Amino acid sequence: VQVISSYDQFKQVTGGDKVVVIDFWATWCGPCKMIGPVFEKISDTPAGDKVGFYKVDVDEQSQIAQEVGIRAMPTFVFFKNGQKIDTVVGADPSKLQAAITQHSA
């Protein structure tokens, strides 16, 4: 899982033809801390080889969070070819796993 630390990096990461999932989180968000390790664990599964895993701190990268329309944390957003293709809102491991499985197929 890589941290996105600039808007340019965000555009580069989301613009490719590989599906990427970005965890939009905040340091002060309890549920984010709870699901963070789950996100890391899923990235180490076979699905993780087919999907790029990234994190964005919404406080450090407010421009990205605003452009994507993040209103709650954590929010997991899937991108392919520069387009948002799916969103999972909240710290729900089974929903997150299901979406990652679906997009890695």
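Keep in mind that glycine also has a Cβ here, set from the backbone N, Cα and C atoms.
The active site, nucleophile annotation in Swiss-Prot covers Cys29, Cys32. What Swiss-Prot lists as disulfide bond is Cys29-Cys32, and the listing cites experimental evidence. Under the heading domain 'Thioredoxin', Swiss-Prot lists 1-105. Marked as site 'Deprotonates C-terminal active site Cys' by Swiss-Prot: Asp23. Taken from Swiss-Prot, the feature site 'Contributes to redox potential value' applies to Gly30, Pro31.
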Least Cβ-crowded entry, counting other Cβ within 10 Å, from the active-site residues listed as Cys29, Cys32: Cys29
Inter-residue Cα distance where the pair is Asp23 (site 'Deprotonates C-terminal active site Cys') and Pro31 (site 'Contributes to redox potential value'), in Å: 12
According to DSSP, folded down to helix, strand and coil, what is Asp23 (site 'Deprotonates C-terminal active site Cys')? strand
State which of the following recorded sites has the fewest other Cβ atoms within 10 Å around its Cβ: Gly30, Pro31. Gly30
Around Asp23 (site 'Deprotonates C-terminal active site Cys'), how many other CB atoms lie within 10 A of its CB? 26
Spacing of the two Cα atoms, Cys32 (active site, nucleophile) and Asp23 (site 'Deprotonates C-terminal active site Cys'), in whole angstrom, works out to 9
Mean pLDDT, the domain 'Thioredoxin' (1-105)? 96
Does DSSP put Cys29 (active site, nucleophile) in a helix, in a strand, or in coil? coil
Integer Cα-Cα distance in angstrom, Cys29 (active site, nucleophile) to Asp23 (site 'Deprotonates C-terminal active site Cys'): 12
What does the DSSP secondary structure composition of the domain 'Thioredoxin' (1-105) look like, as residue counts for helix, strand and coil? 46 helix, 27 strand, 32 coil
What's the CA-CA gap between Asp23 (site 'Deprotonates C-terminal active site Cys') and Gly30 (site 'Contributes to redox potential value') in angstrom, rounded? 14
